[in-house]
Amino acid sequence: MKTDIEIAQECKLERIEKIAEKLNLTDDDYEVYGKYKAKIELSLLNKLKDKKDGKLVLVTAITPTPAGEGKSTVTIGLTQGLNKIGKNAVAALREPSLGPVFGIKGGACGGGYSQIVPMEDINLHFNGDFHAISSAHNLISACIDNHIKQGNELKIDINKIVFKRVLDMNDRALRDIVIGLGGSENGVVRQSSFQITVSSEIMAILCLSNSLMDLKEKIGNVIFAYDINDNPLRVKDLKIEGAACTLLKDAIKPNLVQTLENTPVIVHGGPFANIAHGCNSILATKMALKLSDYTITEAGFAADLGAEKFLDIKCRLAGLKPNCIVLVATIRALKHHGGASDINKEDIEALTKGFENLDKHIENMQKYNVPVVVAINKFVSDTDKEIECITKHCESKGIDISLCEVWAKGGEGAIELSHKVLKAASEESNYKPLYELEKSIKEKIETICKEIYSAGEVKFSNKALKMMKKIENMGFGNLPICISKTQKSISDNPALLNAPKGYTLNIDEIKLASGAGFIIAMAGGIIDMPGLPKIPVACNIDIDENGKIKGLF
């Protein structure tokens, strides 16, 4: 069996100019980055402002196993499938982070015959966006410490600096550090830490900005610390929002690539869904909607994380209205939630028990009044009996379900799913967010935890309660909520599989992302700098004398 990278390397890519032609782009609408990549100019949105938007389809998933359930693969396969049946469809995806690429998950460009290419480039650096985001973020960090060293005119309280440094890598050693050691010439000694770039507020801002000037304004509004009188200090107080924005002048432009079947894909931004808001950029999604009849996008991890944030944060802030939600499920993941000892062996009992997880995610998505279609991402270990079992279960609940073979067959494996998505997207979608912004921070958090996570009670630490009051007193109480929690469970406890309910969910800390425009609630001891596993994927990656990469996935 060929690996994903072997399949990708055998693909005949079309030059990016030809892909751009399929979108009716002119030479002035994009800038080429080599033969197979391009940046799309922001001016395109103004050029197409009078063009009607296409339909918006969100792809999400049930609670995954550590290896993931193929959400990106189905997103890409569905896009290829729609194009195969004559529809103009474009995928709008996130860019992979180097952290999981070298960590436990490997590359994040889909799999099998449903991938985006050039796969190696996209997984490794791509067009430099994440480096630009890291640089802009760390410029702010450097200026904060320099300001303190140079006299601290703003009277920054060094114990109340809330802006960390970032690195696009899993590195647990950087979670808690001391900086400024070695004498006064090296600055002021203080405790600090790093977070992974994809959890950075600058990443979130890039993905939630509508223009370059909007980006600059949002960066300026980031609260990086509090002064000795506990007043908030913003990046614009350091007068460096313009400098940070200049580092992002190209990164803000969405990237154009292609699938293995040479259909257009727009890739931009990459916030994680467990420790950030988990969606690609507003700009990329809006461009795709103008350039296609069907935009297929995804949100990270399961529906309780990425999809909830897509629907309650991104759609609300961008004025987007999804027409259909595709919920990806795998038989192996359902058996995992049902307590199977070996998910690669037929186990109807475990599969049936695992339906509780599937049903909970379906129920959650239906709360937003958007049509839902279930896609079963087929694995070779799935048996006919298991497929029949899950099909009957969904049909008994009146849910459209489709067996997807996009890994093995590419777009051909998503023909049935494509037709079901077209049908669902043609139905009336009365999308509405889960909660009203005017509710208190506590009420909004409790609504998500009880409605989406099925918690019986939400317990707030004293630190969290104090910060909630502070945020409301500062006038930010009407912002949407971004809960950071484990992706391994619907709850805040990774050990609670399937569909736990009635438990107590713990909110440890509350943070304000004043630039991005949301409030972060940290649940269940989640951390924003992952670590590497005992044997990271990096150990399997190599390159030969001709520059050919192997082992990426």
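One-based numbering along the chain as shown.
Glycine residues also receive a Cβ, built from the backbone N, Cα and C atoms like all the rest.
Per Swiss-Prot, the feature ATP binding site maps to Thr65, Pro66, Ala67, Gly68, Glu69, Gly70, Lys71, Ser72; the stated evidence is sequence analysis.
Distribution of Swiss-Prot features across the structure.
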{"residue": "Thr65", "record": "ATP binding site", "Cβ neighbours (10 Å)": "15"}
{"residue": "Pro66", "record": "ATP binding site", "Cβ neighbours (10 Å)": "10"}
{"residue": "Ala67", "record": "ATP binding site", "Cβ neighbours (10 Å)": "12"}
{"residue": "Gly68", "record": "ATP binding site", "Cβ neighbours (10 Å)": "22"}
{"residue": "Glu69", "record": "ATP binding site", "Cβ neighbours (10 Å)": "24"}
{"residue": "Gly70", "record": "ATP binding site", "Cβ neighbours (10 Å)": "27"}
{"residue": "Lys71", "record": "ATP binding site", "Cβ neighbours (10 Å)": "26"}
{"residue": "Ser72", "record": "ATP binding site", "Cβ neighbours (10 Å)": "26"}
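Neighbouring residues of the recorded ATP site, listed in sequence order and excluding Thr65, Pro66, Ala67, Gly68, Glu69, Gly70, Lys71, Ser72, comprise Ala61, Pro64, Lys105, Thr330, Ala333 (Cβ within 8 Å of the Cβ centroid).
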